[in-house]
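Peer 1: Below are the structure tokens for one structure; questions will follow.
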Amino acid sequence: MATTTCQVVGLLLSLLGLAGCIAATGMDMWSTQDLYDNPVTAVFQYEGLWRSCVQQSSGFTECRPYFTILGLPAMLQAVRALMIVGIVLGVIGILVSIFALKCIRIGSMDDSAKAKMTLTSGILFIISGICAIIGVSVFANMLVTNFWMSTANMYSGMGGMGGMVQTVQTRYTFGAALFVGWVAGGLTLIGGVMMCIACRGLTPDDSNFKAVSYHASGQNVAYRPGGFKASTGFGSNTRNKKIYDGGARTEDDEQSHPTKYDYV
């Protein structure tokens, strides 16, 4: 029951994280215009992985897709690739994990095969979550670098009053898509870890010792009392031996060395 619960929870978390990764990849607000100390408030700009948008104060929004691939920054293309790879791996992991559920029986599939499928889906989810987190973090680092470079250019020394002249430049800060991507990547990563933990519950324990068959009556050993009879030298020893209940073993089987009751 614990294994099935762990599988289901891991699958649901990974499914939710995958949906968040898809939503974050398609969102336009990866970077939004920083309105702090900005005299121009009639126009609000924001950019995504696939297009840039301009929203006017009247509510009209115009988006323009990126019509080039080679002309885009290399970091932006890397973020695109990471997010797409994470989504593809997440979809494959979802399909594998559905068939790996312990509560679903498909033909003669045993638990060892389900354990391998569960481990595979868990690894796929972990890689998918890592790709999403790395992609979002790379884009965030690019935003931070550009932000401080723009800030330095705004207050560059160009003479004038106090030797400082402030120029108006558009600075971008974190958008909502970054936070969605971070949360989605974390959920996918946690779901993958739970699937890997559930794999241990499906793996047969090979460290157990092999079972040894024995007679149940051997636990309570009782003796049959009997006297001793003198034997002749021509026949076998006719004395009564202590016999164990539940088996054909006699006292000679248990003790082979001579005793004081042996006669010639």
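Just so it is clear, glycine is given a Cβ too, placed from its N, Cα and C backbone atoms.
Sequence annotations record features per position, and here Swiss-Prot assigns compositional bias 'Basic and acidic residues' to 242-264. Annotation source Swiss-Prot lists phosphoserine at Ser217. Taken from Swiss-Prot, the feature region 'Disordered' applies to 241-264. The feature topological domain 'Cytoplasmic' is assigned by Swiss-Prot to 1-6, 102-122, 198-264, with sequence analysis given as support. Residues annotated as topological domain 'Extracellular' in Swiss-Prot, with sequence analysis given as evidence: 28-80, 144-176. Sequence annotations record features per position, and here Swiss-Prot assigns transmembrane segment to 7-27, 81-101, 123-143, 177-197 based on sequence analysis.
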Peer 1: For the topological domain 'Extracellular' (28-80), what's the model's average pLDDT?
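Peer 2: Reported value for the topological domain 'Extracellular' (28-80) is a mean pLDDT of 86.
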Peer 1: Under an 8 Å Cβ to Cβ limit, what residues of the same chain, 6 or more beyond the ends of the transmembrane segment (7-27), are close to it?
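Peer 2: For the transmembrane segment (7-27), the far contacts come to 48-50, 83-84, 86-87, 90-91, 93-94, 97-98, 100-102, 118, 121-122, 125, 128-129, 132, 136, 175-178, 180-181, 183-195, 197-198.
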Peer 1: Could you pull out which residues elsewhere in the chain have a CB under 8 Å from any CB of the topological domain 'Cytoplasmic' (1-6), counting only those six or more residues past its ends?
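Peer 2: Apart from its flanks, the topological domain 'Cytoplasmic' (1-6) reaches 101-103, 194-195, 197-198, 201-202.
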Peer 1: Looking only at the topological domain 'Cytoplasmic' (1-6), what are its DSSP counts of helix, strand and coil residues?
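Peer 2: For that range the per-state counts are 5 helix, 0 strand, 1 coil.
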Peer 1: Using DSSP, break the topological domain 'Extracellular' (28-80) down into helix, strand and coil residues and give each count.
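Peer 2: Summed by class, the stretch gives 7 helix, 19 strand, 27 coil.
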Peer 1: Which residues, given as numbers and ranges, are at least 6 beyond the ends of the topological domain 'Cytoplasmic' (102-122) yet have a Cβ under 8 Å from it?
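Peer 2: 3-4, 7, 10, 14, 93-94, 96, 192-196, 198-199, 202-204.
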